[in-house]
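Novice: The feature active site, proton acceptor is assigned by TrEMBL to 49, 284. Here TrEMBL flags 49 as N6-(pyridoxal phosphate)lysine. Residues or ranges marked as substrate binding site in TrEMBL: 146, 332. For 263-391, the entry in TrEMBL reads domain 'Alanine racemase C-terminal'.
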Ligand SMILES: *Cc1c(COP(=O)(O)O)cnc(C)c1O
């Protein structure tokens with residue numbers, strides 16, 4: 001345990017070296033944007049798994065719940081416990097699979113809600129539940145080939161769970177594999193399978209029923225008929241678009257276009273500035289060699305903070321509103337920039353790795369494109385060594401908070 005003095009001095013060092021800034025105003029704004037696409041009867045589940053995609057799950061959860069989200073989605077039980085320990089009372093769905101008696105005890109104790117993926121898992125749950133009736137969420141596989149029972153076996157699965165003591169079906173859900181693709185074929189096939197399975201179970205999609213939900217961020221944006229009772233959004237909460245054509249909105253009806261603001265910025269300080277001569281190599285392996293007199297800045301952030309080493313000699317960093325090329329191998333704790341075009345740069349000045357500075361902007365999408373990956377992976381790659389610092393004022397929803405009438409099966 002840290003003494004008071006030590007912990008407060010760590011807090012003071014939040015912006016000493018490198019940090020992640022979380023813009024709570026942008027986050028609330030994004031929630032408002034998403035709600036504007038939805039009918040008032042549809043609930044918003046904020047997906048805050050993986051520490052809210054690297055943004056810090058407790059702060060994000062508190063902010064999005066104030067702004068009008070009513071459910072939280074996590075991947076694991078410890079992620080749910082972290083939210084409960086912070087005093088968050090909203091319903092929390094564990095999207096991942098859970099099986100063991102210890103896990104079931106934790107789910108009950110912390111009032112988390114599990115996803116049931118298989119009949120076997122449902123039986124274990126029914127036998128293990130100790131307290132009152134546990135709300136559960138049935139997962140159907142309609143074409144993602146990840147968790148869930150095949151949509152073709154939905155009737156048997158739902159009948160089984162309905163007949164088991166101690167469980168009540170709160171929702172039946174599925175997950176889309178290709179919602180951000182321009183080609184809607186697979187998405188429409190999944191939607192057809194999902195609806196067919198629900199109807200085969202004897203439910204009316206518009207009637208009194210368990211909750212139905214299918215849409216992730218992209219699904220929420222591309223087609224309101226995917227919304228049903230709830231949408232589960234991750235990426236767009238954090239202000240990024242699931243695909244470039246969804247940013248421009250060129251393929252969307254005007255009412256579906258979203259004005260999203262990136263929530264995360266990554267910043268670090270210059271720790272030394274020096275001149276090097278032509279022919280001088282920079283960093284491990286000398287993968288950069290100066291071809292002229294060059295001014296370099298050493299910056300206190302590296303791959304142990306989550307800046308991927310494969311961005312070495314490729315990425316740009318914003319310095320005083322201008323782009324500066326990163327040069328040489330990115331090291332564990334530090335990286336170097338060519339700042340020859342920036343006069344009299346000082347130690348201690350702040351540079352922006354992701355975010356906006358003046359008219360220049362670098363998005364997680366830019367890193368993802370350089371690396372051949374997706375922005376989701378970039379966001380959740382920032383390590384805990386980087387303090388998360390909140391900025392901006394969140395705002396509170398005008399939308400009436402959803403009345404959590406419990407909808408269970410009769
Ligand atoms: C991660 C996840 C989401 C959110 O996905 P985004 O594309 O980030 O909106 C929704 N549903 C499930 C089941 C997930 O695992």
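Each residue, glycine too, has its Cβ placed from N, Cα and C.
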Novice: To which of the recorded positions 49, 146 does the lowest count of other Cβ atoms within 10 Å belong?
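Specialist: Taking 49, 146 as the recorded positions, the minimal 10 Å Cβ count falls on 146.
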Novice: Taking DSSP three-state, what's residue 332 (substrate binding site) in: helix, strand or coil?
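Specialist: In three-state terms, residue 332 (substrate binding site) counts as coil.
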Novice: Reported as an integer number of Å, what is the Cα distance between residue 49 (active site, proton acceptor) and residue 146 (substrate binding site)?
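Specialist: Between the Cα atoms of residue 49 (active site, proton acceptor) and residue 146 (substrate binding site), the distance comes to 17 Å.
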Novice: On the three-state reduction of DSSP, what should I expect for residue 284 (active site, proton acceptor)?
Specialist: helix
Novice: Expressed to the nearest Å, what is the distance separating residue 332 (substrate binding site) and residue 284 (active site, proton acceptor) at their Cα atoms?
Specialist: 11
Novice: Based on DSSP, tally up the residues of the domain 'Alanine racemase C-terminal' (263-391) by helix, strand and coil.
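Specialist: Tallied per class, the domain 'Alanine racemase C-terminal' (263-391) gives 22 helix, 52 strand, 55 coil.
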Novice: For residue 284 (active site, proton acceptor), what residues in its own chain, 6 or more apart in sequence, show a Cβ-Cβ distance under 8 Å?
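Specialist: Expected: 328, 329, 331.
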